[in-house]
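Shown next, in structure tokens, is the structure this report addresses.
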Amino acid sequence: MEGITDGILRQTHNRIFGGIDVYCLPFHKLTQSLSLLTREIRDISPEENEGLDILPQALTRDPGQLSAWLYYVSECGYSHADLNIGCPSPTVTNRGRGSGLLHDPGYLRSFLDRVFSNTLPVSLSVKTRIGYDSPGEWPGLLSLLADYPFAHVTVHARTTREQYTGPVHPEAFELALRKGLPHPVYNGDLRTVEDVHALMERCPATDAVMIGRGMLADPALARRLRGGAAASEEELKTWYTSLYREWNDRFDATIALGRIKKLMEWPVGDDIKRKRLLRRADNIESCISAVIGS
């Protein structure tokens with residue numbers, strides 16, 4: 001999803017479909033100098049997120065970097081932020097960041113001890129996986145996380161090794177609920193209304209869920225979960241044309257079309273015919289025709 005879930009997408013989604021309580025920003029990869037990329041600075045700016053409740057997110061294994069970034073988040077006018085220890089990408093985990101931190105629980109504890117040794121300028125939540133190699137690591141990790149005053153804990157119910165493939169482990173989330181982890185949030189394979197309802201039936205004490213790819217495939221998913229209508233054909237056309245127009249204004253036509261095609265891969269899924277039509281499309285009209293018809 002990197003590269004397309006920017007402020008333009010957030011504002012356009014909120015205007016057309018709504019239903020989201022909090023939009024989570026793409027994570028900032030923190031460096032020693034805390035020199036953020038231009039797109040990261042723009043993405044977190046209050047102007048880019050006017051009228052939205054957003055959750056800035058950081059990727060780091062350095063408590064000093066995280067502390068400095070939290071003050072930056074506060075200076076931007078936000079009251080909460082998130083630490084990502086759930087990203088399973090090898091380019092991240094090989095550096096001991098993201099869910100690479102789960103591979104060394106001893107360091108993770110010392111890291112969090114230092115983070116919470118001082119009063120934080122904003123509330124801090126965390127996104128995690130249920131282990132690095134095996135779901136059997138989850139009880140120990142759960143106990144570790146429960147020792148810290150996180151605002152909430154988002155649990156992606158897979159291990160690092162499992163990446164985004166194979167079945168999720170909802171029993172791990174059930175354990176978090178039974179153990180009284182404060183404000184656990186479920187994440188993982190919530191692609192449809194039925195998926196969320198099945199989770200709620202199994203785990204009725206669930207406070208909140210995080211949806212990602214499901215919303216890209218069905219931008220009305222959050223609205224439907226609140227009892228609202230499915231996306232109409234007219235809304236979908238407005239969604240894609242608005243995004244294309246604003247990305248074109250900010251960047252150029254080539255980048256805008258590339259982003260639209262990347263976004264449209266989610267509703268197209270494994271439909272070979274529509275994938276072929278989308279690949280051949282050379283303008284926004286033919287892209288829309290490939291995905292939702294003329």
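Glycine too: its Cβ is placed from the backbone N, Cα and C atoms.
Listed in TrEMBL for this protein:
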{"type": "DOMAIN", "residues": "1-225", "note": "domain 'DUS-like FMN-binding'"}
{"type": "BINDING", "residues": "GLN57, LYS127, HIS156, GLY212, ARG213", "note": "FMN binding site"}
{"type": "ACT_SITE", "residues": "CYS87", "note": "active site, proton donor"}
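Features per TrEMBL, on structure.
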residue : record                    : Cβ contacts under 8 Å, 6 or more apart
GLN57   : FMN binding site          : CYS24, LEU25, PRO26, PHE27, HIS28, ALA81, ASP82, LEU83, ASN84, LYS127
CYS87   : active site, proton donor : PHE27, LEU59, THR93, ARG97, GLY98, SER99
HIS156  : FMN binding site          : GLY86, LYS127, THR128, ARG129, ILE130, ASN187, GLY188
Review point. When the number of other CB atoms within 10 A of each residue's CB is tallied over all shown chains, which of the binding-site residues LYS127, ARG213 has the maximum?
Key: LYS127
Revision key, fill the gap. Per DSSP (helix/strand/coil reduction), LYS127 (FMN binding site) sits in strand
Exercise for review: Note the mean pLDDT of the domain 'DUS-like FMN-binding' (1-225), expressed as a whole number.
Suggested key: 96
